[in-house]
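Take a look at the structure below.
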Amino acid sequence: MASPTASSILQYSGTGQKEKGTLDHGDVPSVDIGKGETKEVFQENVDGVEFRTVSWQRATVVFLKINFAMSILAIPAALGALGSIGGSLCIIGYTSLNVYTGLILGDIKHNHTECHTLADMMGLIWGRWGRELVGVQIIIAQTLVTAGGVVAITIGFNALSDHGTCTVAFGLISAIAVTAFSAIRTFSKLGWLTWIGFITFVIGVFIFVVAVTQVDRPAAAPQTGDFDLGWAPIAYPSFVVGMVSVTNIFISTCGSSNFIPVISEMKRPQDYRKACLVAGFIVGAMYLSFSLVIYRYCGVWLSTPAFASAGPIVKKVAYGVSLPGLILGVGIYQHVAAKYAFVRVLRDSKHLQANTFTHWGTWLGINIALGTAAFIVAEAVPILNYLLGLAGAICLAPFSLIFPALLWMHEFKKYKTGTTTQKVKYSFHVLIMMFGFFMMIAGFYSVVVLIKEAFDTGTIAKVFDCADNSGFVQGK
């Protein structure tokens, strides 16, 4: 991972008190450290909802579930396009880079406790309009990822029931289940359920990974005669296919912008770095090991999502075990968007933490609206890889690469003309920003091209389609 220069954003005096930062606060309420006043979004010891109750261990589990989720169902197909070496380097590289930028965001949050989301942070640079623009981007990103989750859950329902009813009906049930979980108000309470979700999802994935090593050939491969597994250390995909595959790997660990609201609810926000590093290491190791095993035994004969590759029985078992984890994991993404909008509407009012009608009406109304939007998007583009790729390109590349680099450069603007070492550090973050722009533009173009091809070829036959979506095969 890159050099730990992000840690220098936050400096402590001998008493452990945080020194005042150098950022221009713009329209975001400032912090007067000298007077001991803070502008934390959620206050402690209030007559109402206590939000700041999350331990670093529980935060770690939330971070794990944010990042280790639907992507494990899409990454093996990405390795099929990139090869084992190319895919492995992408997983290691993106995990390291996303952890590093996550540490930058955490340090900015510690230096500016009034920031509840990435939108508030960008308001430090761009003012009110920048904050609102990034806020809209957060809603779009979380809606796209939630929609991808709804698609994954409908696949699970179809697999378990042998397509027992119209897929649109399963989509509606999925959106309702996700919204019910998302409507739990605090990350602390979500944390207990997240433990269950994370464990069940990992067990489901592990069952599938073991099962796929025991079959003679992948379910999608020809069932008689010789066939070419298609495994390769290095593959040579087209630019469009390669970019979508790279974007799907990138999105697997780029959830660090979702960590920021969790920091606002931690008992000890200074423990964030510990939680971020532990979660990043575990998630990267699981993605790398599980994906390599799946690709080794399936090659290019991968179903999308991957659970179908081991046959119908294993697919049912894996989905049956992991479905609670899928629902809970997707609910966290919607919860982050809902919490942003909720705080945006009620910030600095008595209704933010008081159990009033306005509090509950706003919270539930926002969750229902977001769940409805995710359902509509899921039925309009019902392929998981494309939804994740779209979210990664237009939203998560800025969130995890461009914006953290800009925040670092704004904090250390003097490095631009400083010593040679300082100039190198500044240039490194300029490169991160430029790479983020490349991911955003090239990724968006590639995903749009593939979505158009999917409609043209009938892979996506129509919107709000009742057809079974649990057996789509990607391969030769």
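Each Cβ is built from the backbone N, Cα and C atoms, and glycine gets one as well.
As given in Swiss-Prot:
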- 72-92: transmembrane segment (TRANSMEM)
- N111: N-linked glycosylation site (CARBOHYD)
- 133-153: transmembrane segment (TRANSMEM)
- 164-184: transmembrane segment (TRANSMEM)
- 192-212: transmembrane segment (TRANSMEM)
- 231-251: transmembrane segment (TRANSMEM)
- 275-295: transmembrane segment (TRANSMEM)
- 317-337: transmembrane segment (TRANSMEM)
- 364-384: transmembrane segment (TRANSMEM)
- 387-407: transmembrane segment (TRANSMEM)
- 431-451: transmembrane segment (TRANSMEM)
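DSSP gives the residue listed as 'N-linked glycosylation site' a helix state.
At the 8 Å Cβ cutoff, the transmembrane segment (231-251) and the transmembrane segment (317-337) share fewer than 3 close pairs (sequence separation 6 or more) and do not count as touching. Of the candidate ranges 133-153, 192-212, 275-295, 317-337, 387-407, 387-407 has the most C-beta pairs within less than 8 angstroms of the transmembrane segment (431-451). Contact counts against the transmembrane segment (387-407), taken as Cβ pairs under 8 Å, peak for 133-153 among the stretches 133-153, 164-184, 275-295, 317-337.
N111 (N-linked glycosylation site): 22 other CB atoms within 10 A of its CB, across all protein chains. Sequence-distant neighbours of the transmembrane segment (164-184) (same chain, 6+ residues past either end, Cβ-Cβ under 8 Å): 146, 149-151, 153-154, 157-158, 190, 193, 327-328, 330-332, 334-335, 338, 363-364, 367-368, 370-372, 374-375, 378-379, 382, 464-469.
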